[in-house]
């Protein structure tokens with residue numbers, strides 16, 4: 001097994017920190033994150049629900065939760081769902097930890113990961129997730145950088161491996177080229193079916209969608225969000 005080193009070190013901060021953290025945020029990074037962070041150096045449990053303190057009925061993954069607006073909203077809506085949140089940027093992780101310090105009950109059905117989501121996807125057991133959310137990922141708008149986009153054949157294979165049959169992959173973006181890119185890859189993948197009846201469905205937010213600061217900015221700049229859902233066959 002490849003050893004995964006903790007990311008809370010000088011390299012992590014130099015690469016992934018934006019604004020300077022407040023003292024209480026630094027404290028949570030040092031004390032609460034090690035408790036909730038998934039250690040990939042340990043074998044994945046055969047029953048992934050054992051990761052959580054609370055008894056959970058299903059498990060969902062959010063990749064790149066940013067400031068945590070959507071993930072916090074979903075945790076409050078679904079207290080019997082276990083959530084795994086991935087965010088490699090320290091400022092977003094710090095905001096999430098501040099929320100968890102205030103709403104301590106959610107610590108019992110949330111686990112975190114602060115590095116590359118592909119490492120976590122490779123660690124997870126087969127068919128262990130009920131859903132995966134990827135909202136407003138970095139679009140890498142320059143064509144020469146499109147190969148860096150998170151949606152690619154290898155990652156779709158990863159999603160297919162860890163999702164249960166009938167599990168949902170949800171994707172939102174305000175960048176047309178990334179929406180088209182995502183549709184192309186998913187509709188050409190043997191393991192996924194696009195859940196849409198009419199083009200109008202693309203523009204309808206998910207039920208009780210809380211929106212995010214990034215989405216609000218996109219709307220102010222006249223970029224129209226698109227919401228896609230794909231089902232694991």
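Note: Cβ is positioned from N, Cα and C throughout, glycine not excepted.
Annotation comment: Swiss-Prot describes 62, 87, 116, 138 as S-adenosyl-L-methionine binding site. Taken residue by residue with DSSP, residue 87 (S-adenosyl-L-methionine binding site) is part of neither helix nor strand, so it is coil.
Residues annotated as active site in Swiss-Prot: 138. Mapped onto three states, the DSSP output places residue 138 (S-adenosyl-L-methionine binding site) in coil.
Feature annotation from Swiss-Prot assigns substrate binding site to 142, 174, 212, 213, 214, 215. There are 19 other CB atoms within 10 A of the CB of residue 174 (substrate binding site), with all protein chains counted.
The Cβ of residue 142 (substrate binding site) has 8 neighbouring Cβ atoms from other residues within 10 Å, across all protein chains displayed. Summary for the binding-site residues 62, 87, 116, 138, 215: the Cβ-based neighbour count within 10 Å is maximal at 87. Annotation note: residue 62 (S-adenosyl-L-methionine binding site) sits in a strand segment as assigned by DSSP. If you compare every pair of Cα atoms in 62, 87, 116, 138, the residues listed for S-adenosyl-L-methionine, the longest distance is 15 angstrom. With a 10 A radius on its CB, residue 212 (substrate binding site) counts 20 other CB atoms from all the protein chains.
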